[in-house]
Amino acid sequence: MASMPKPNQSARGRVTVVLGSQWGDEGKGKLTDMLAGEMDICARCAGGNNAGHTIVANSGPDNVKTKFDFHLLPSGLVNPKCIGFIGSGVVMHVPSFFSELDTIEKKGLKCDNRLFVSDRTHLVFDFHQVVDGLKEVELGGSSIGTTKKGIGPAYSSKASRSGLRVHHLYDFDTFAAKFRKLVEGRFKRYGNFEYDTEGEIARYRAFAERLRPFVVDGVTFIHSMLSSNRRVLVEGANALMLDLDYGTYPFVTSSSTGIGGVCTGLGIPPQCIGGVIGVMKAYTSRVGAGPFPTELNDEIMTHLQEVGAEYGTTTGRRRRCGWLDLVMMRYSCLINGYTCLNLTKLDVLDNLPEIKVATTYMLGDKELSSFPADLNILAKVDVQYKTFKGWRGPISNCTSYEQLPDTCREYIEFIENFLGVHIEWIGVGPGREAMVHRPLPPHEM
């Protein structure tokens, strides 16, 4: 095992982070795919297989365009020279890890000796998934609409200090004893639901040996990479408004999905982070229950759903859609400190006669000065909008900012000025190449 590296000032700024800025499904995977070609490592820092995205990339000996679905593995693996790393802040369902790995390798994407898992990563078991479903049933009309992947119950085990981590697999008798105790606790809470405890233990004995070559001391691994001047791309899961602390609680996920979760999930200090790219749709969507101030229920909503293909990669559920919410985005920018933004799915707005963005929340005759923590207040706000003329034509063939219609650029620049953050990347179509890059002029950097 490599010795623990000393703190290295040369690691300063070598990490680039891609984060969702809304309620997820912003299109982080596309930008991650593009940036991964310039990176040495692509890392996951939080969440589990409860989120997902699809990437189309050339693969195999014939270099054929192939579709890859990523849920748990870092999507930067589509770059055959990029190392994938699952950090300590992730919760990992081992069967899903191997299922996803086997699927992408069958499609020609080989991951031998370039995929690693922190030994501190917590494990998601099948009983966590059963409990997830039972809890949703128990909540009834108050359910939050989880993916039922066991993520919340696994993080609950972690927070209550009863969870099991990857390293526990390599003291298997202790693992088995702790596992039985963990399941017994769930039986006491939810009754004797159908579950084969001993069968699961037997499966994990086999999983432990198959997983062994992937397991590393996560802290030593990531800092050794940074000390070797490797460039790291961090692929955020979910998005800021699903963050356990700063999202629309309790309609959130169970992990830290913002910039703080990057440091705690990978074991790196803040000074290692050189850039934070916030990914935002040109409109807003969310899956499951929870408040949504700009939600639409008309033909515009249908347009956004159909043209934007707003169906969840993980659940297949139709996403709720509405106008871009700049009040929420300003809150997101404050917390995550984006150095630039990637505006995605702008082409979905192509044929709309007019386009709106939310600029103000009013409560009675009072303007709210911040995004409210209290969801009862959020449910009562009146949203004020700025309306733009639509550009009424396709933009998918635009390859430079100057080629975009004037009204389209007006929309982009209003968002940019409102948020005070430069929009560097603009998605103008579903294809990998349909991205306009708009770097800041050197004198403005």
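Just so you know, glycine gets a Cβ as well, placed from its N, Cα and C.
Straight from Swiss-Prot, the features:
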ACT_SITE  Asp25  active site, proton acceptor
ACT_SITE  His53  active site, proton donor
BINDING   24-30, 52-54, Arg319, 345-347, 427-429  GTP binding site
BINDING   Asp25, Gly52  Mg(2+) binding site
BINDING   Asp25, Glu26, Gly27, Lys28, Asn50, Ala51, Gly52, His53, Thr147, Arg161, Asn238, Thr253, Arg317  IMP binding site
BINDING   Thr313, Thr314, Thr315, Gly316, Arg317, Arg318, Arg319  substrate binding site
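Mapped onto this structure are the features recorded in Swiss-Prot.
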{"residue": "Asp25", "record": "active site, proton acceptor", "DSSP class": "coil"}
{"residue": "Asn50", "record": "IMP binding site", "DSSP class": "coil"}
{"residue": "Asn238", "record": "IMP binding site", "DSSP class": "coil"}
{"residue": "Arg317", "record": "IMP binding site", "DSSP class": "coil"}
{"residue": "Leu346", "record": "GTP binding site", "DSSP class": "helix"}
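On its own chain, Val428 (GTP binding site) has Leu346, Asp347, Ile395, Ser396, Cys398, Leu404, Ala434, Met435, Val436 as residues at least 6 apart in sequence with a Cβ closer than 8 Å to its own Cβ.
Rounded to a whole value, the Cα-Cα separation of Gly316 (substrate binding site) and Gly24 (GTP binding site) is 14 Å. Among the recorded positions Asn50, His53, Arg317, Arg318, Arg319, the ones whose Cα is located within 10 Å of the Cα of Gly27 (GTP binding site) are His53.
Val428 (GTP binding site) falls within neither a helix nor a strand when secondary structure is assigned with DSSP, and so counts as coil. The distance from the Cα of His53 (active site, proton donor) to the Cα of Arg318 (substrate binding site) comes to 15 Å. Between the C-alpha atoms of Asn50 (IMP binding site) and Arg319 (substrate binding site), the distance comes to 15 Å. Asn238 (IMP binding site) is 14 Å away from Arg319 (substrate binding site) when you measure Cα to Cα.
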